[in-house]
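Database features (TrEMBL):
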| type | residues | note |
| --- | --- | --- |
| REPEAT | A:80-113 | repeat 'TPR' |
| REPEAT | A:222-255 | repeat 'TPR' |
| REGION | A:584-640 | region 'Disordered' |
| COMPBIAS | A:601-618 | compositional bias 'Basic and acidic residues' |
| REGION | A:827-865 | region 'Disordered' |
| COMPBIAS | A:842-854 | compositional bias 'Low complexity' |
| COMPBIAS | A:855-865 | compositional bias 'Polar residues' |
Amino acid sequence: MDPKKQQLPPKENALFKRILKCYEQKQYKNGLKFAKQILTNFPEHGETLAMKGLILNCLGRKEDAYNFVRQGLRNNLKSHVCWHVFGLLQRSDKKYDEAIKCYRNALKWDKDNLQILRDLSLLQIQMRDLEGYKETRYKLFELRPTQRASWIGYAMSFHLLKDYDTALKILEEFRKTIQKTTYDYEYSELLLYQNLVIRESANLQEALKHLNTYEANICDKVTLQELRGELFIKLGRKEEASEVYRGLIKRNPENRNYYLSLEEALGLSTVEERLKIYEELKEKFPRAQVPKRLPLNYARGEALEKLLDPYLRTSLQKGVPPLFTDIRALYNDSEKVHIIEKLMSRYLRNLEETGHLCETDNEYKEPASILYVLMFLAQHHSYLGDSEKALQLIDRALNHTPTLIELYIVKGKILKHAGDFVGAYEALQEAQTLDTADRYVNSKAASYLLKANLVRQAEEMCSKFTREGVSAMENLNEMQCMWFQTECAEAYYRLGQYGDSLRKCHEVDRHFQEIIEDQFDFHTYCMRKMTLRSYVDLLRLEDILRSNRFYWDAARIAVTIYLRLHDKPLSVSTGENHINTANLDPAELKKLRSKQRKAAKRAEQNKVEEKKKEDKKSKGSGNSDDLENTPSEDLVPGKLERTEDPLGEAIHFLKPLQMLASNRIQTHLMAFEIYLRKNKPLLMLQALKRALKLEPSNPELHTCLVRFLKYRNEQLSQSGPIVDVITQEVTRLLPTTDPTSLNEDFLNRRQDSLPHRLQAARSMVLLDSVQRERGLTIATAVDSHLNNRSHQNVQLVLEWLESSEFNASPEEVSHFKNQCHKIFPRARAFFPPQPPASTTNESSELSPSQSTSTANHNHVDSPSS
Amino acid sequence: MRKARIELGDVTPHNIKQLKLLNQVVFPVSYNDKFYKDVLEAGELAKLAYYNDMVVGGVCCRVDVLDGQRRLYIMTLGCLAPYRRLGIGTKMLEHVLNFVEKEGNFNSIFLHVQVNNDGALDFYKKFGFEVVETKQHYYKRIEPADAHVLQKTLVKS
C-alpha cells in the first residue's frame, strides 16, 4: 500500500476531523456524509473507512461495520486510529481480550495517546489485569500529573495489588496538593479511602491516628465513629470503644450491630451481664425495639419468660403481623419454643375468657389481640409440623377478621408446608384479589402458582404489574426479576419441559454477566466523583457476584437437567420423551401429550413473535446510539435441550459455584456427578474429598462414595499412578473400600433416618439389582419413628421409585403413594391419580386446577436444594 | 393505653373485594354486581373504615330524588362484629353527615333497619334519626321481614 495515499490533503483532513466530532456527538448521519465525501476521492483511506465502520456499528449494522473497519485497518496498519477503532468495535462486542490487544497495537503507533490509554486502563481494570492496569495508570499519571484522576487511579492500582505503602505514599502526596475548603465532601471521601487503605495495610494505630488528625474534615460522622469503634476494639482499647458505641446507639438506637459491638467492647460473657446491660439500655431508649429484642436471644428459662411476656403482649396489642417472623429465630431452642407456646396459649385462654391478654390487665380491650394470637399460634404449629392444628387456628382468625390479607398469606404458607400446593395458591389468589394494588401479594401469588407448576397463570398474575405492550415473561427478564425466573425454571423442570427450564437458567446466568459488564460505567464515574470506598466495594462484590443465591438456584437446576440430558438425550424429531411414559395410565398420557403439543405450539408462536421483534429491532435500531448493542443470540428451548455437549454446559454452570459456593456440599456432589460421566477419576476424588470435609454424614454423599468405589473396581485398571493415588486416598478416607460393606455399614449406622435409608437402598440396588426387593422395603418403610420423615423427604423416595434407576411397577408406586397419602393427607404428591376437588371450600371462581395434578412432576428427580 | 387509629379510605377497583367480603359477613342480605359497580362511582358516598390499617367497616350511600326532594339514602353501613362499639360506625356516619351538610342541598337522610335490630336503632337515634314508617315484608329472604324507615330531616340553611 502506498503510504502517501493515506495522507489527506488539508480540505479532506478537515472533513475527517469533522467525522470524529460527529461521532463523538452522535451525529451519525452527518458523519457518514463526510466519510462519503472523503471516500469518493480517496476510496482507500484507511482511517476514514475505519471511522465509517465504527459509525455503522453504532447504527446497528454490525456486519458492515466489521467489513469497513477491517478494510480500513488493512489499508493502514500503522494508524493508531484504525487500531483504536478496531478495539472499540471489539469492545462493543464484549471481546475484551481482543480489544486490549488492539489498544496495545494502537499505542505502538502513538504511545502517548491519552484517549487510548484511558480506554485501555478501563478494559484492564474490568478484566482485573491489575499489573497491566498499574502500568497504564502510571503512563497516564506521567502524562497528566495535574489531573486528580491520574493520582487516584495510580494509587488505586497499587492498593488493588496490595502494595499498600506505595498506594499510601501517592495518596498522601496527592492529599497535600488539595486546597481545603470549609465543607468538601469529596475531600472527606478521599480521606476515608485513605483510611481504608491504612486499615487494610493492618496498621491500626496509624489508622486511628489518621482519623483523629482529619476528624474535622470528615463529613460522614457516622462512618467516622463506626470506624473509631471498630479500631478501638481491635486495638483492645475497650473502654474507649464502649464510649463510641454508646454514642452511636444514642444516634440510632435501632442498629443491631452497635449493640453487639458494645457487648464486645464491654467484654460481656455471661448471660446475666448481657441482660443487665440491656435492662439499662431499654430504660435509656424506651421506644427502641432492638434492646428489647436482643436479650431474648440470650435469656433462658424464667428470665426469658419474664422478658418475652411484655414483648409479646406489646406486639399483640399493637398488632404486628410479622411477630412470628421476628421471633422465629428463637425456635432453634426447644426450651424457648415451649415457653413461647405456654405464653401464647395462656393469652388465648385469657382472651377467650375475659377479653384481656393478661389476667391482671383490665383497662382496655383490644379487639384485634385475639386475631394476632391466633395468627401467631397458627404459624407456630405449622412451623412445628402440625398443619391441621395450624389450619384450625388460622380459620378461626379468618372468621374473626376476614378482611386481613396477611391471614390468607399465612394460610397459604401453612398449606404449602403441608404439601398442598393447590390449596396454597388458592389462598394466595384470594389474598391477591382483596388488594390488587399490592405488589408484594401479587408476587407471592405468582410464586405460589409456580410452585403448583402453573407457569402461564403465574405469568398472567405478574402481568398486572409489568409494562404494558410486552409479554410479561419478557418484561420480567428485562427487569432481571430473578426470583421469578428461577422459580419458573424449577416449575418447567418439574413439568419435564427441559428446554424452557434451561432457557430460564441461561437468562439468569446472563443477568449476572450483564451485571459484571455494567461495572464498566463505574470505572470512570467513581474516579470522577471520588466515591472511592464504594468503588472498591463494588469491584470486590463483582468478583464474587455469582455467589448470589439466584445464581445458585439457576445453576443447580441447569446442572441437574444437563446431567439428565446426558443420561437420556432427547430424540431429535419429537418433543416428547424425557417423561417416563411407560407407567402412566392412558388418561394421564393423553393429558400429557396434549399439554406437550400445546407447549410446542406456544414455543412455535414465541419463535414467530421473536422473529418479528428481531426484524423490528434491526429496523428500529437506526437511531439507537447504543455502542454496546448485544447481538441477541436467542435461547431457543428446543435447541437448548438438544445440546451436543450437555456436560460441557453443566461445567459452565458449575465452575463459578466451585469458586464461590465451595461451602455447599451440593456443589461438590454435582461436580462428582459430572466428572463421573466424564470419566475423570481424580476430579471425582477431589469433589468427594471436599464434600466429605463439609458434611461426612450427608446421605447423598454416601451414594456418591459407593458409586465411586464401584467405578474404581469396574472401570480402572489394576495399577498405574492414578489408581495408586486413588487407592491410597480412599483407604485413608473410608473405613472400607468394598462398596457393599460400606453400604451395609452405613445402613446399620443410619437405620433411623429416612433420607439415609433411601440412599442406602439406592446404593444397594445400584450395586446389585438382585437386591431390588430389599431396597424397596428399606426405602419405603416410612414408620413414624424415623427421623426426618418430612413429606419432602418421602417424596424423594417416591421420585426414586418412579425414576428409571429403580423403575417401580405401577402397583408398587400406587401402593407406596397410598401409604404416604395416609400420613400426609394434604400433600399433593401422594394424591391418588384422580385429583379430588380442592379441599378449601371458599375458593373461587378460578378454574379448577386439574393441570397441577402431580402425575408428571414425580417422574423427575427434584434438584435437591 | 394507646388509642387505635380509625380512618376512612376510598373504595377503588383494587380493594372493592374487601367491601364485598365485609358486606357478606356483616349483612344478612347480599348485594348484586350492579350495587358494587355503582359504589365505585359514588365518590365520597362510599367509604371503607380502617382500624389500625385493617378494613373493618364500610358505608355506601346514594342520592335519591323523589318529588323534587333530594334525599340521601344509606344503603349499607356496617362494621365487623369484633370491632363494634369503638367509634367506627360513628366515624362513618359523621362522614355522611358532614358530606350532606357541606353539599347543603339535601332535604333528608334515610335508611332501612330490620325491626329487631335494636343496636342499629339506638345508634341512629343518637344522631337524630327517627322512625317515620314501618314497611311490611320489606326483606324477601330474612326474618323478620319488616323494616323501619329511619329518617333525619335536615334544616335548610
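Including glycine, each Cβ sits where the backbone N, Cα and C put it.
A Cβ distance under 8 Å defines the sequence-distant neighbours of the repeat 'TPR' (A:80-113), meaning residues of its chain 6+ beyond its ends; these are 46-47, 50-51, 53-54, 57, 62, 65-66, 69-70, 72-73, 119-120, 123-124, 126-127, 129, 132, 139, 143, 517, 627-631. Residue counts for the repeat 'TPR' (A:80-113) under DSSP (helix as H, G, I; strand as E, B; rest coil) come to 27 helix, 0 strand, 7 coil.
In the predicted model, residues of the repeat 'TPR' (A:222-255) average a pLDDT of 97. Helix, strand and coil content of the repeat 'TPR' (A:222-255), in residues and according to DSSP, is 27 helix, 0 strand, 7 coil.
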